[in-house]
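The structure under discussion appears below in the form of structure tokens.
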Amino acid sequence: MTEATKEDVTAAQLLTAPVGHDGARKGMDVDILDVEELRDWQRRKRSEFEEALKRNRLDVRQWLRYAAFEYEQRDMRRARSVFERALAVAPGDVVVWLRYVDCELRARDVNHARNLLVRATALLPRVDKLWYKYVLMEESLGQVELVRGVYTKWCTLEPAAAAWDAFVDFETRQGQVEHVREVYSRYVMVHPVAATWLKWVAFERKHGDAGTVRRVYSLACDTLTAFAGADVHEVEQLVVSFAEWEATQQELERSRAVLSVAVSRWPESSTLKDATAQLEKKFGGARAGESILFKRKREYEEQLLAHPLDYDAWWLYLDLLEESFPAELRAALAEATVKAVPRSQEKDMQWRKYVNLWLRYLLFLETVLVDSDLTRSMYQKLVREVIPNTKFTFAKAWIMYAEFEIRQEKLDKARKILGMSLGMCPKPKLFQYYIDLEIKLKEFDRVRRLHEKLLEFQPDVLSNWIEYAELEENLGDEDRARGIYEIGLTADGGLSQARQLQLMQRYIQFETDASEFERARALYSRYVALSGYDPNVWISCALYESSVPTAAQVASYAHDQPNSDGDDSDDAYEQEFELTEENKEQTRAIFEKALRHYTSEKDDEGRILVLQAYKDYESIHGSAEARQKIASRQPRKVTRKRTVDGIEKEYVAYEFPDDTVSTSSVASKFVSLAQRWKQQQAP
């Protein structure tokens, strides 16, 4: 075989050669050989950019691409011109300003960049990005005084705390301690909160001495307490920090004095009292700490003896015992469940707090004592004897009881507990927990029964119907899902008309997601009737036809993809669907049907809404002839007169060109019939 024979190419090879070549076709490289070709190529590119901007001059990204092109051609004059034109279109676009500045900096034209930042910050003084860009540029150039001036000008606008922090960091890097103090003196006036003062304190701790730190703390306390409406939490945070710092300086008397003055001013503050106790516990010796704890314990006991229904005091008392007297905690918990029984017969905040005391007791029995039998018996007492289930209940108690049994690996008991709760005192929260539990266990038959019970309990709640239908949809049983939707839409379903309309919307979405477009179209017809022929529903129905494939398109896809997997059909429709003339004609047919309905019902308002929607649709998808035709059918306002109670009044009415055309056609038909009859009667 010769070399020529080896290189012969057959027709079969030519046909099969493209197969297997994946990937997009690479763009063609343009070889520019001389300056004239370069100028011609640049002229074509500029024409392309200009044409694109003529079509949409508000496309900021196109402006930026245009400017980047000019910069790449080393034509800064044209690049600046493009940027300036872009700013004329979108002067408030921060990205354009930043790209413009970056372009000038890359071109090493610092003065132009500086002038741009001056313009930008003057036009958009509240945009922090521009200020940060300004100071970063000047600092990178070593212009310390200019940076300080920019920060000073920026801070006159009272920006957010981050800007002040950046100013402080800059002065700290320069080693200008006094300048930092001046910045902080203005910073705390603009943002007079504890966090700002504590930043100043942290600075003085590092760069100052004990005297400067103490002066800042004192000034902070005086400033915050001078305001009548000062936030107590802010003051507490500052005072506690002041006292802790004094203690670290071994100034215990000063620390006690700070806390004492604060407690005398805010005697109800538990934070200040706790800080005082912690100080004494840490620096006052073991005896002092114990005396404080015993004193607090005695005060709580006296308070609870006088007011046994003070549940907040019970909670604080139990916290104290848990932390410092753990041996007494069990007895106190049991005592709380006995002495603190609410007197009211209604579910109020007292009952909620009392049940929370019970639940704390039960968690103690389970986790600390690890006595499952006692815990179980106390749970039974709570849900059967303590809580008046005939009047109200607490779903949290039942759920925690069931979770306890699950932790004990007693799933059957947990189910019985939840079933008992639904039988004695059904609540949506209990149903939802039980349903979620069975879903996790994949017991879907039980889930179905629970959903049915929930619908019997609350048939008027829309979410119950939707969640049940979505369960069947997720399980792949579309027929059961349809049955649930259909029952919900019946009069026996229990839903109001407004909720039936919402359920119908979800039903249509379900059929659409399942690619059952014909079913969805039939549902839309029912939806229109159910809504009382609402114009918005008519419009939605019409536009739906332009968003889904027609029957012919579905059949064509099924023919082209006979072995396609059903699970991917929705994605395939979304990828392959294209709006065709058939879609448009179906949409127009529904618009026309709606117009005929409102014309026969003499509903001008509905007719106007449909005509306007029809016009909007044609403006997007219609031809020039279609747009002109629908525009000619729009109603005109006319002023007419009528007599009411003997008084002539003017009112605004609408004239529809369609009515005039139909009247003229009827009249012409009548005349033609009369002429024909006359001819027939002639001898």
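Every residue, even glycine, has its Cβ placed from backbone N, Cα and C.
Feature annotations, reproduced from Swiss-Prot:
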REPEAT    40-72  repeat 'HAT 1'
REPEAT    74-106  repeat 'HAT 2'
REPEAT    108-140  repeat 'HAT 3'
REPEAT    142-173  repeat 'HAT 4'
REPEAT    175-206  repeat 'HAT 5'
REPEAT    291-323  repeat 'HAT 6'
REPEAT    374-407  repeat 'HAT 8'
REPEAT    409-440  repeat 'HAT 9'
REPEAT    442-474  repeat 'HAT 10'
REPEAT    476-513  repeat 'HAT 11'
REPEAT    515-547  repeat 'HAT 12'
REPEAT    582-620  repeat 'HAT 13'
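The average pLDDT computed over the repeat 'HAT 10' (442-474) stands at 93. Taking pairs at least six residues apart, the repeat 'HAT 12' (515-547) and the repeat 'HAT 13' (582-620) share three or more Cβ pairs below 8 Å and count as touching.
A Cβ distance under 8 Å defines the sequence-distant neighbours of the repeat 'HAT 9' (409-440), meaning residues of its chain 6+ beyond its ends; these are 383, 389-390, 392-393, 395, 398-399, 401-403, 446-447, 450-451, 453-454, 457-458, 461. Note on the repeat 'HAT 4' (142-173): residues 121, 125-126, 128, 131-132, 134-135, 179-180, 183-184, 186-187, 190-191, 195-196, 199, 203, 207 of its chain, located 6 or more positions outside it, place their CB under 8 angstroms from a CB of the stretch. Under DSSP, residues within the repeat 'HAT 5' (175-206) fall into helix, strand and coil as 27 helix, 0 strand, 5 coil. For the repeat 'HAT 10' (442-474), the residues of the chain that approach it from at least six positions outside its boundaries are 422, 426, 428, 431, 434-435, 480-481, 484-485, 488, 493-496, 499, 502-503, 506-507, 510, judged by C-beta separation under 8 angstroms.
Within its own chain, the repeat 'HAT 13' (582-620) has Cβ neighbours under 8 Å at 533, 535-536, 538-539, 541-543, 545-546, 550, 552-553, 626-627, 629-631, 633-635, 653-654, 656, 658-659, counting only residues six or more beyond its boundaries.
Residue counts for the repeat 'HAT 4' (142-173) under DSSP (helix as H, G, I; strand as E, B; rest coil) come to 25 helix, 0 strand, 7 coil.
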